[in-house]
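A.B. asks: Take a look at this one; I'll ask things after.
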């Protein structure tokens with residue numbers, strides 16, 4: 001299956017929703033520290049309901065340790081600054097979908113380190129800034145899973 005990575009997530013309920021999501025689609029979640037909340041946060045647990053035991057979650061102390069763990073995998077920067085719509089990419093089994101923090105998105109240096117053709121965006125109205133993080137993760141991860149014929153079901 002593929003991987004979902006959250007770079008310095010800030011809002012516990014969003015991460016909780018994503019934990020519930022990955023329990024349902026079989027992805028592995030990577031949380032890249034620092035986190036903007038405590039993992040024991042009530043809002044995180046409430047949003048994730050009882051899915052935490054079904055979810056595969058890894059923690060990384062920083063971006064460098066995350067990159068080391070993902071060595072050899074294709075990383076997609078999921079950003080409003082993406083060069084192409086997410087639906088134009090042909091996803092592969094071990095791809096990594098990397099999302100930035102809610103208030104600021106991925107830093108420019110991280111975006112710049114990823115090949116242009118691997119910088120994905122979700123099409124939206126020109127008057128909008130962004131989508132909610134957990135919604136964006138759902139949209140892109142389910143498109144990737146669809147392309148992989150819902151493997152694992």
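Here the Cβ of each residue, glycine as well, is placed from N, Cα and C on the backbone.
Sharing the feature lines straight out of Swiss-Prot:
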BINDING   100, 122, 130  S-adenosyl-L-methionine binding site
A.B. asks: Using only the Cα atoms of 100, 122, 130, which the record gives as binding S-adenosyl-L-methionine, return the largest interatomic distance in Å, rounded to a whole number.
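C.D. replies: Between the outermost Cα atoms of 100, 122, 130, the distance is 14 Å.
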A.B. asks: Taking every protein chain in this structure into account, which of the binding-site residues 100, 122, 130 has the most other Cβ atoms within 10 Å of its Cβ?
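C.D. replies: Of 100, 122, 130, the one with the most crowded Cβ is 100.
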A.B. asks: Apart from 100, 122, 130, which residues in this chain have a Cβ no more than 8 Å from the mean position of the Cβ atoms of those residues at the S-adenosyl-L-methionine site?
C.D. replies: 78, 79, 80, 99, 105, 121, 131, 133, 136
A.B. asks: Per DSSP, residue 130 (S-adenosyl-L-methionine binding site) is which: helix, strand or coil?
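C.D. replies: For residue 130 (S-adenosyl-L-methionine binding site) - judged by DSSP and reduced to three states - the answer is coil.
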